[in-house]
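Annotated in TrEMBL:
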type: BINDING; residues: 30, 31, 32, 33, 34, 35, 36, 37; note: ATP binding site
type: DOMAIN; residues: 4-354; note: domain 'RecF/RecN/SMC N-terminal'
Ligand SMILES: Nc1ncnc2c1ncn2[C@@H]1O[C@H](COP(=O)(O)OP(=O)(O)OP(=O)(O)O)[C@@H](O)[C@H]1O
C-alpha cells in the first residue's frame, strides 16, 4: 500500500494543499500552531473516516468555509484507487473514484494507517476511556469489520440505556430482547480485542525489553473482570452468555443509574511492569517506552498479518521521547521501509528517519511548501 498523492481543501487551517509524498518519509517542519497536525489529521481522517482529535465533524471545516475535502490516490495491491471524504453541514460523505462509496469496506479497500501522537504517550497514566480508544484503533486496523461491529454494539447499548432510563415502566421481556442483542454484539467486540491482544502483546513485550532499560518484564493484557478465568478460550457464544449473566446480575443497579455498567464499553487494558501496575508504579519515561513498544508491535503485527506496512503518521512524538528512545524509533522507521509522515518543530530530531528520497515540507500559517532536501 502506498499513498501517491494527497489533496486537502479547507480542512482546519489548511486552505489548499497538494502533494506527492515520498514513498518513505515525508517530514513537515514548522513552529507551533501552524497546521502540521492538521495535515496529519486530514490524512488520518481520509484513511479512517474518524477525526484524530476533534469532538465534532464541524470542527474539521475551515472557519468561514462550507465544506472540507481530503482526497488521496493510493496504490493498493498493484492497482490505483482514489478515495475522498467531504465534510459539511455536520455530515461526511465517502467517495471512491469520485462516486459515493457503496459501503465502508468498499471505501477502505485495504487502506490502513497507524497514528502516533503525544496524547498516545500519556495513555498509560490516563483514564480507561483513552486506553480503550487506543486499543480499538489497533483492533480496527487489524480487523476492519470491527468498525461496523462496534457501531452495532454502540447502537444496541444506546437502545438499552434508553430503556433503562424509562425505569419502572420498562417491560422485562422487552428488555430481555435488548440484552440478547447487546450480549451478542458485545461478545464480538470481546473476541476481536482478545484476538488482537494475543498477537500484539508478545511483540510489545519484546520491543519493550529492548528499550525499557529495566530487567522487569512488561505484560500487556486484556481481561474483562466479569468474564472469569476461561476468557482466553471461551467461544463467542460463551462470551455472549457470560455478558448476559453480568447484565442481569446488574440490572437493578443499572435501572437505578439509567445506564449499562458492564460490557466492552467499560473495559480497560492492563499494563504491568515487573508484575505491578505500570500506571501506578512505572516512571514517566518507562510509561512512554511501554507505549512505544506497543506502537512498534502494532506496526510489525499488521505487516505480518496483512503482508504490507500501514501508512504511519507521527505527530511530533520525537520531542516527547528521550534521545535514546527517539533514536530507536527513528532507526526503526528508517529500517522498516514504511511510508511515514512526521511532523516536528525541530528537523534535527527526525533527521535519522530521513533518506535521500524524503520529502521535506515547511508549514506556516496553513501554507504547506516543499523544501529542497538540503535546506532543512
Ligand atoms: N476549523 C478550523 N479552521 C481554521 N483554523 C483552525 C481550525 N481548527 C484549528 N485551526 C487552527 O489550526 C492551528 C493549529 O494547527 P495544528 O494543530 O496543526 O498546529 P501544529 O502546527 O501541529 O502545532 P503544534 O506544534 O503546536 O502541535 C491553530 O492556529 C488553530 O487555530
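Backbone N, Cα and C define each Cβ position, glycine as well.
What TrEMBL says about a protein is an automatic prediction, not a curated fact.
Features recorded in TrEMBL, as mapped to the structure shown.
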residue : record           : contacts (Cβ under 8 Å, 6+ apart)
30      : ATP binding site : 36, 343, 345, 362, 363, 364
31      : ATP binding site : 345, 364
32      : ATP binding site : 345
33      : ATP binding site : none
34      : ATP binding site : 363, 364, 365, 366
35      : ATP binding site : 12, 13, 14, 363, 365, 366, 367, 368
37      : ATP binding site : 52, 53, 117, 315, 316, 343
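What surrounds the ATP site, by Cβ distance within 8 Å of the Cβ centroid and not counting 30, 31, 32, 33, 34, 35, 36, 37, is the set 38, 343, 345, 363, 364 from the same chain.
If you take every residue in the domain 'RecF/RecN/SMC N-terminal' (4-354) and average the pLDDT, you get 94.
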